[in-house]
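Feature annotations, courtesy of TrEMBL:
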type	residues	note
DOMAIN	21-454	domain 'Major facilitator superfamily (MFS) profile'
TRANSMEM	62-83	transmembrane segment
TRANSMEM	151-173	transmembrane segment
TRANSMEM	270-291	transmembrane segment
TRANSMEM	303-325	transmembrane segment
TRANSMEM	332-355	transmembrane segment
TRANSMEM	367-387	transmembrane segment
TRANSMEM	399-420	transmembrane segment
TRANSMEM	426-450	transmembrane segment
């Protein structure tokens, strides 16, 4: 359950201002939903009977169109880690919007070929890699401790909003190219919002702009007085100073020396392990094959309708995260939702292996699957992104978030790419036994190693990881 923490007592006006300031991060996550979903729509259109958009396109080429959107985000994330500390969030966000716009121009201004579709998918992946790290680090730095968990967890809601937006647009227009052009409205709107978005006070402090950082913080907290925000500002100064001293102390001739400092390495180890278990519990391996999964359950529900319900359960779970994370704490939500997901997977495997398909067993499997979807979206999936915005020290935050984002997309690619081979090797329902067992291992690990960060200042979290082994 949630432990006692920090409340600077700013009030409702501060909450509203922080929600408005995060508009750009929510637009970025809508873009992510569009970018990740768009190759799926393009592939579906190209494989439709009678489609002659790209004559002679092969299944191998189609698979690359779908996979490049997962392979290129790590490139964007790692590049971001090199430039964000110098350029700041606002400039990098503007660059993200330009990359997203260029992915549309590739197929609008040039003939539609396999190469142009490769370029479109890769640019969307690059945009996603930029957006992931930016939205996490910015929301983690501008939100006060008691709101950081709730407001950052809303990022996933907007991701699925993008998913729904482009899917609905395609259903209405029946043209993937028109859908892509209409989706340009999102980065254009974000450019407008970005013109009114301030830089992070912590980034300004790291650049030595103390007075400007103080003024920005006062505005972010509802235009309060300097005295009112003085305690939080002093926490920020100490946090940035602590990170700067650690950075100086760990400097070595080798550029790899920074990885030896526990301020980076301890939370990085935790987050890399977390990403693995989160991907398994969130059903990432099944994601591209949901139609086949629902068909295998043999329910009377059409697989297409079941698939449309999948993101709806995810949105419901994300909304409950926003409502409950401050009340229950992140640790409690992670442990409880991993338990539900693991048991749901094991029960699906048990029913599928040892019971014949009947109306009741089919519905039970579908209900358990959606239960795991709701549960993972309530806890283990969104909280991973929140933790990523909190656990890294200031000087290593960009690098840590970028590495974690890169690992997330690499793991997503490999899990989806080789899932069918795993299913052929051990059987469909045995994959649920396997993933459920992995979840139990994750539950034990997080019970002993996952700290509570809800309602803690970034300075307090940084001090924990300097002192505690992971």
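Residue positions begin at 1 at the first shown residue.
Any Cβ shown, glycine's included, is placed from N, Cα and C.
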Given the cut-off of 8 Å on Cβ pairs that are 6 or more apart in sequence, determine whether the transmembrane segment (332-355) and the transmembrane segment (399-420) share at least 3 such pairs.
no
So which of 62-83, 151-173, 303-325, 399-420, 426-450 has the most C-beta pairs under 8 Å when paired with the transmembrane segment (367-387)?
303-325
Please identify the stretch among 62-83, 151-173, 426-450 with the greatest number of Cβ pairs below 8 Å relative to the transmembrane segment (270-291).
426-450
